[in-house]
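Student: Below: one structure in structure tokens.
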């Protein structure tokens, strides 16, 4: 019986919700650690008398590691499995974050932040492909969007830690990193029991192992509902892709990403991730420092940022909900357009009320786009290159995040917050135009329907042209 069809017929159940929570908790602490540097920066900059270049470099440290981690996770996730990468990435992140708490100077903190970033990058790149391979296509947008929404809880957590741990205590920036590392130990323990992706197992030709995973999910759903399972779709099974591509090197897989079949999708993914990550990390990493430099007290700037971070929550979950009714391509364009207008509003604002209002709107819309991208990117690639596709797009986006603090610092020196957010609005507009002109519609389609697996590393010489590719909207 077709294992994919058996997965696709299952209703969302406790087994899916458990995967959502355990996967999402990792994102919570990923988000918290990515955000906490915004609150650490003003403190250590004053403590160690850092220059503008050092501040920008430290702000980019996590993303430098993130780039390496995302690339490595994509390749390893397709080679050794999603589960092993998820466990290893969390162990790396936890150990390096704890080490960073005891940094004696700028360079030691920078190195440990880079290494912690490698763990976060691997984690973030692998979770969405992993979870998308368990969820029926009809629920995938809402489900993966909800998982990505756990990032917002991490940002709110970091704002609370910034206000109540970093701000009141001289060594609060050290305590904050210890606080963020410790709960991950529980998440690592819980993840030991998570199954390997059945789609990955099928792609590797490990049919019996995939059958065990699918059968256990079916048994869990039967036990929970007490009702017979829906009938299996009689459509012919999709081949299990034991082709050369399933065992190809990372270089060959990247070549396939840029083959005639997938080049358009890859271009959209890379541009989207670059534009959003540039705007996102520039905004969230540098905002407290920029506000403090503009004359606000550190405590007041931290309070402002808390409200802006709080707006992330409705951003993620509204986008996840809306993507089930509007195709993800158009939904991404809608939220990116909102972010572009909000950034323009911030560029034109001169009052604190305008800054916090437009800042909250920018936060909401950018996080809505992230919820959609974590669904959209992996679903446009087949199983054999799904983690590589997600990982490389995420890694390329981190180049934008690395550049952003330097660009924001330079723009602020030239024209203050107005210049910073004028640049932000232009970058986001590029993302809007790219997805509208080149994006592919994905709503409600199975992963196999979007990207059948009848191809190998030589995709350029034997491209797979699906009906979806010919009728993109």
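The chain as shown is numbered from 1 upward.
Just so it is clear, glycine is given a Cβ too, placed from its N, Cα and C backbone atoms.
Just so you know, TrEMBL annotations are computer predictions that nobody has curated.
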Student: Out of 424-448, 449-473, let me know the one TrEMBL marks region 'Disordered'.
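Tutor: The range carrying the region 'Disordered' annotation in TrEMBL is 449-473.
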Student: Can you dig out which of the ranges 355-374, 375-394 TrEMBL describes as transmembrane segment?
Tutor: 355-374
Student: Which residues, given as numbers and ranges, are at least 6 beyond the ends of the transmembrane segment (172-190) yet have a Cβ under 8 Å from it?
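Tutor: Same-chain contacts beyond the ends: 22, 25-26, 29, 32-33, 36, 39-40, 43-44, 87, 90-91, 93-94, 97-98, 100-102, 158, 161-162, 165-166.
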Student: Could you check if the transmembrane segment (304-323) is in contact with the transmembrane segment (85-104), meaning 3+ Cβ pairs under 8 Å among residue pairs at least 6 apart in sequence?
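Tutor: Answer no: the transmembrane segment (304-323) and the transmembrane segment (85-104) share fewer than 3 Cβ pairs below 8 Å.
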Student: With contact taken as 3 or more Cβ pairs under 8 angstroms (pairs 6 or more apart in sequence), are the transmembrane segment (355-374) and the transmembrane segment (267-284) in contact?
Tutor: yes
Student: Below 8 angstroms Cβ to Cβ, which residues of this chain, lying six or more residues outside the transmembrane segment (51-73), approach it?
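Tutor: Contacts with the transmembrane segment (51-73): 33-34, 37, 41, 44-45, 85, 89, 92, 106, 109-110, 113-126, 277, 281, 285-286, 289, 387, 391-392, 394-395, 398-399, 401-406, 409, 413.
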Student: Give residue numbers and ranges for long-range contacts of the transmembrane segment (419-441): same chain, 6 or more residues beyond its ends, CB-CB under 8 A.
Tutor: 264-265, 267-268, 271-272, 275-276, 278-279, 282-283, 286, 290, 327-329, 332-333, 336-337, 339-341, 343-344, 346-347, 362, 369, 380, 400, 407-408, 411-412, 450, 468-469, 472-473
Student: Which residues of the chain, 6 or more past the ends of the transmembrane segment (143-166), have a CB below 8 A from one of its CBs?
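Tutor: Counting only partners 6 or more residues beyond its ends, the transmembrane segment (143-166) has Cβ contacts under 8 Å with 12, 16, 20, 23-36, 38-40, 43, 127-128, 131-132, 135, 172-173, 175-176, 179-180, 284, 288, 299, 302-303, 305-306, 309-310, 312-313, 315-317, 319-321, 323, 367, 370-372, 374-375, 378.
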